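Here Swiss-Prot flags 1-16 as signal peptide. Per Swiss-Prot, the feature N-linked glycosylation site maps to 14, 18, 34, 178, 310, 497. Residues annotated as topological domain 'Extracellular' in Swiss-Prot, with sequence analysis given as evidence: 17-527. Taken from Swiss-Prot, the feature disulfide bond covers 64-291, 76-88, 109-151, 295-319, 487-491, and the record attributes it to sequence analysis. The transmembrane segment annotation in Swiss-Prot covers 528-548 and is backed by sequence analysis. As annotated by Swiss-Prot, topological domain 'Cytoplasmic' applies to 549-564. According to Swiss-Prot, the feature S-palmitoyl cysteine maps to 553, 560, 563.
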C-alpha cells in the first residue's frame, strides 16, 4: 500500500516565465502507463492503478515439519499403526499434529477389513497420539497369542502386536468367555477388537471347536454382536480367511463386556483418547523437508498471507480457503486512466474526467498550475491519505470475513460405502462452488467500494478548491480554474493547502472579470463574422439592383414585356 511521507512536494520548473495570461490551477489524479484489471459489481474489466492478488497459486514442493508436528507413516497407514502391524513399530508412542499417510502404504499382516473404516481413521487421526495402555485380561481355558504365516516379523510368524488371537486350548476346549473391564479413569478408552472369519467349517472347528462361533461386545449404551462369515475368499498373503476389526469407546465410569464362544481377536489394552487434541491426517507422496509452514496440502505446503488458494481442495492446518478461480484481484488504488501524451500540460487536464497524470508520483491526487512564475505539479496529502485510510484495511477486513480457516481432509471409505463417498464428494463440491461464488462477489463489492471512494475523494478535492476560489475564478469545465487575479507561487500554495483568503483578492478579481478587453477572435469566430458580412452585402446589392430597375421602368427608360 502506498505510504505518503512527503507533504506537498512541489515538482516545478519555471519554463513559462513569459506567460501573460490569467493564472490557471487544475486538479487531477495519479495514473500509470499500464494498470491492473479488476472486477466490480458494475463491470468485469475496470483498470486500476494498483491491485493485490488474493489467490495463492504457488506452493512449496515439500511438507514443512514446523511449527506443526508431522509423523510420517512411511509404509504404514494409521490403522495398521494402531493395530501394530509388522513394519509399523516406529509409530509406537508417536505424537502428531498431522499424520502423513503415504499412497504406497501396504498391509503387512493377516488380511483384514474395517466395517467403519472412515470413523476409526478419523478418531485415530484426531487423537494425535498412539498412547497405548496395556491391560491384563483373564481369559478362561483358551490358548492365546495366535500367530500367522501371513504376518512375518523378523521372518518369524507373528500377529498384530496390539491384539491377542484366542484359539481353543490344547485340550480342545473353548468355553464361554465373559470378561468385563471397568473404566475407572478420567479419560475415554478406545478398544479395538476383531472377529476372525475362517475359510472353511473345518478351519472353524480346528481353531475354535465351536461352529458357529459368536462374538458380542457391550457397554452400557451399545452392543455389537457378530457371527463369523465362513467361506472361501481369494488368497491374500497365502490366506483365504479374513479378520474384521471393530472399535468401542468406553467413557469414564462405563464398562465393556466381551462375550464369545469363538473367533474373538481380543485387545491387549486400550488407546487413551484426548478430547482436547485437534490433529488430522493427510494422504500425500510429498516428502517432508525443513521449511516452516502452518498449512499443508497433498501437493505441498503453503506459505502465504492470501485469503484464498486454488492449489488443492485437500488442505490441513491454518490454510486459506480453496476457490476455483485462478485469480481474484483486490483493488488497492484508484481507477486508472493513462495520460494522453498529445494533450500537453493543460490539454483536457481533468484527471477524474478524462485522464490521469503519470508524473504525479508523490500522491494519488494533486494539482498543476501555470502562472507568471512558471508551471508546477504537486501532490495533495489530505485527499490522498483520506482515500488510503479507507482502503488500507480492506485486505484485513476481507480476511476477517473469511477467517474460518479452511481445513478439508480426504475422507476414505470402504468399497461398500461407495454411496456415502459419492454423497460426501457432492457436498464438498457444493461447498467449494458456494465459497468460490462468495469470494468473487465479496471481492467485487470491495473493488466497487474502492473505486467509488477514490472517485469521491477526487470530487471532494475539486469542490474544496471551488469553495475557496468562488467568484475569484471561473470553472473551465475540465477540472481547471482560471483565476482572475495575480496569483504567484505562494498564492497557488495557499489554494493547495486550504489557507487561501478569498476576500484579499476579491476586488481585483471582480475588476479583472468585468474589464472590457479587446475582442480576441479565434478562427471559428472569424468564419462566422465573414459569412454574416457576405450575406448582408449580397442582400444590399440585390436590393439596390431591384430599386434601380423599378425606377427605370417608371421613367420609361426600361420597357418590360411579360409573355405567357
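Keep in mind that glycine also has a Cβ here, set from the backbone N, Cα and C atoms.
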Among 109, 151, which are disulfide-bonded residues, the residue with the most C-beta atoms within 10 angstroms of its C-beta: 109
Spatial separation of residue 178 (N-linked glycosylation site) from residue 291 (disulfide bond) - C-alpha basis, Å: 53
Minimum Cα separation from residue 34 (N-linked glycosylation site), reported as the residue among recorded positions 109, 497, 553 that achieves it: 497
Long-range Cβ environment of residue 178 (N-linked glycosylation site), under 8 Å and at least 6 residues apart: 257, 258, 259
Helix, strand or coil at residue 151 (disulfide bond) [DSSP, three-state]: strand
Least Cβ-crowded entry, counting other Cβ within 10 Å, from the disulfide-bonded residues listed as 76, 291, 295, 319, 487: 291
Neighbour count (Cβ, 10 Å) for residue 497 (N-linked glycosylation site): 14
When distances run from the Cα of residue 487 (disulfide bond) to each of the recorded positions 64, 76, 151, 310, 497, the nearest one: 497
Nearest recorded site to residue 319 (disulfide bond) by CA-CA distance, among disulfide-bonded residues 64, 88, 151: 64
Spatial neighbour of residue 310 (N-linked glycosylation site) that is closest, considering only the recorded positions 76, 88, 109, 497 and their CA atoms: 76
Glycosylation sites listed as 34, 310, least Cβ neighbours within 10 Å: 34
Residue 553 (S-palmitoyl cysteine) to residue 491 (disulfide bond) - Cα separation in whole Å: 75
Between residue 497 (N-linked glycosylation site) and residue 88 (disulfide bond), the C-alpha gap once rounded to whole angstrom: 75
Between residue 295 (disulfide bond) and residue 109 (disulfide bond), the C-alpha gap once rounded to whole angstrom: 34
